[in-house]
Amino acid sequence: MSARRKERAEGEIVSEEEDRRSVEDEDFEEVMKEVAFSTAARKENAPPKQNIIPHIPEVVDDFLRNFLRRAGLTQTLNSFEAEWYSPAQKLLTGSLTMAGTGVFFIPDALTHRQLLLSELETVHRETDQLRQEVLVSGDSLVRMQRERDFHWLQYRRVAEDKNRLIEDFKQLKKHLQSYAPALRQLDDKYQAALRQKMLISLQKDRIQNTTEERLNQEKVSKERSTKRSNSGDKSSSKSSIRHTRHQEDTEFPVYSCPLSSHLTQVNFEKVKSPSSFSLSCTIRAHELPISCIDLHPQQQILASASDDCSWRLWALPANGEKVAQMVLTGEGHSDWLSGCSFHPDGVKLATTSGDTTVRLWDLSHGCCVLTLSGHSQPTWGCSFHSCGHFLASCSADKTAKLWDLKSQRCRLTLRRHTASVNSVCFLSFSNLLLTCSADKTLAMWDARLGVCTATFHGHQHPCNHTTFSLAGNAIASCDSRGIIKLWDIRKPALAVATVDAGPLAANQVAFSPSGKMLAVASSDAVVRVVEVDSCMVSCLSGHSDAVQSVSFDHKGESVMSAGSDGVVNIWS
C-alpha cells in the first residue's frame, strides 16, 4: 500500500513537473514571439536602406536566462546562450548584415564598441588613401599646369610662324600674278610653235608625196609614149580623142599584185584582250555633238567633225601625257558636219556636211581648196582612194558619187540603193568601193566601171555604217537596231557572224589593224569591243551621251571614240 502511494506520489510529481515544463515552454514561446514581434516592428518603422544599430535591453536576455536557470533547464540555457551570442561573433566577421534591410544586431556594448572600432579603422584607412590620392592629384595638377604653359608657348610660336607664312604666301601670290602676262605670252608662243611645227611636218610630207607622184607620172608617161609609138594609126587617133575629151581626168591605178603583198609592210599589233582597255585620256573637243573622227595616216593627229559647223585637228598625248593640244581648226560649211577623212598623204582633209557639199581642205594653209557640189541632199560620209586622186561620197539622195580631184568633177554616180546611202568606204590598194544604205543592204562596186559586183542582204533594219578590214577579206556592218554582222567578201550571200549590241542603234564600226577586234559606237553611250573570232563583247563606259564614231590607232593598242557629248575619249 505504501509502495502504491509512493508510486502515485511520484507519478503526480512527474505529471506536475511535466505540466510545469509545458507551462514554462508556452511562456518561453510567448516571450520569443514578443521579442520577434518587437524586432519586426522596429524593422518596419526603420527608414529604408540605412544601417541601424538598435539597442536591445539587457532585461530580456536576463529574464530568459534567470527563467531557464530557475527551471533547471541547463541544456536549454546553454543552447540559448550559444544561439544568442553567435550573431555577435558573426558581426565581428562582417556577416551580421541582413540582406533585406541592412540592420545590424548588437547583443551588448562590448561588441558594439568593437564594431565601432573596426569602422573607425576603416575610416582612417580610407582617409589615408584619400590623402595619398590628393597628393598624387596635386602633383598631376602641377605637371599639367607646366605642360599647359609649355604648349601655350608652342602655340604662340606656331601662330607667329603661321602669320609669317601667310604674309610670305601673299607676297608670293602677288609676285606670281606679276608673272601671269609673261606666262600667257609664253603659252601663246608655245601653241604657235607647236602649230607651226605641225604645219611644217604636213608640208614636208606633201613635198615628198608630190616628188614621188611626179616621178611616177614621168615613168608612166614614158611607158605610154613607148606604147603609142608602137601602136597603129587607128588606135593612136582614138586615144587622142579620149585625151582631148577628158585630158585632166586621172586614170585608175592597176593593182597587179595581190593585197597580201601590201600587208607584208604593215606591222600588226600584238593581240590585246578587249577587256584590258581602260580610259586614259578625255578631250573636250567641241561644245556640240561630234559626228565623226578620223586618224592621220602617219602621225598621232586626230580630226573631229562637229555639229558646230567646224572641224578640228588634235595632237594626241604621248609619252604618258594626259592633255591633247588643238593644232588646227577650220570653218566654211553652212550646216552641221557629218563626216571627215584624211587624204592618204595626210596633207588634206575632206569633210561632208548637211549643206549637201563636200569640201577639201589644205592643212598646210588651213583653208578650203575645193568644194564639190552635186548631191541634192545632205552628204553623210566620204572616203579617199589609196592613190589619193579619187574621193567617194554618199548622200541622203540615194546615190554615191566618185570625184576626180585632178579634174575636179564627178566621174561616176552610183545608183542602186532605194534609200539614203549612209556610208561609203574604199578597200585599201584596190578599186573596190563599199556602200551601205537605209534600204537594209550593202553593195560592193568596181569604181573603174561603176558596176555593182555584189550585194549583201541580211539586215532587218536600216544600215548605218560599213567598213573593210585592213586585210580586205572581211566586212563589218551595223544597223539602227544595234545588230552587227560580219561578212566574208567572197561569200556575200550569208553573214559569217552576228552580234546583238541593241536595242539602241550601232552608229559606226571600225576594225583594228590586225582585223582581230572590232570597235562599235553605240547610242547607249557605250563603246563595245568585239573579238572577231569568238564574238565576245567587252563594254567601255565613259560617255554621257550616244557614241557616234570610233577608231583604232596605228598599232591597235588604243581605241578612240567621240559622241554627242562633244567629248573624245582615248582607251588604252
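The count begins at 1 with the first shown residue.
For all residues, glycine too, the Cβ spot is worked out from N, Cα and C.
TrEMBL entries are annotated by machine, without manual review.
Quick look at what TrEMBL lists:
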type: COMPBIAS; residues: 210-226; note: compositional bias 'Basic and acidic residues'
type: COMPBIAS; residues: 228-239; note: compositional bias 'Low complexity'
type: REGION; residues: 1-27; note: region 'Disordered'
type: REGION; residues: 210-247; note: region 'Disordered'
type: REPEAT; residues: 283-314; note: repeat 'WD'
type: REPEAT; residues: 330-371; note: repeat 'WD'
type: REPEAT; residues: 372-413; note: repeat 'WD'
type: REPEAT; residues: 414-455; note: repeat 'WD'
type: REPEAT; residues: 456-497; note: repeat 'WD'
type: REPEAT; residues: 540-572; note: repeat 'WD'
DSSP on the repeat 'WD' (414-455): how many residues come out helix, how many strand, how many coil? 0 helix, 25 strand, 17 coil
Do you know the DSSP helix, strand and coil residue counts for the repeat 'WD' (283-314)? 0 helix, 19 strand, 13 coil
Can you break down the repeat 'WD' (540-572) into helix, strand and coil residue counts using DSSP? 0 helix, 18 strand, 15 coil
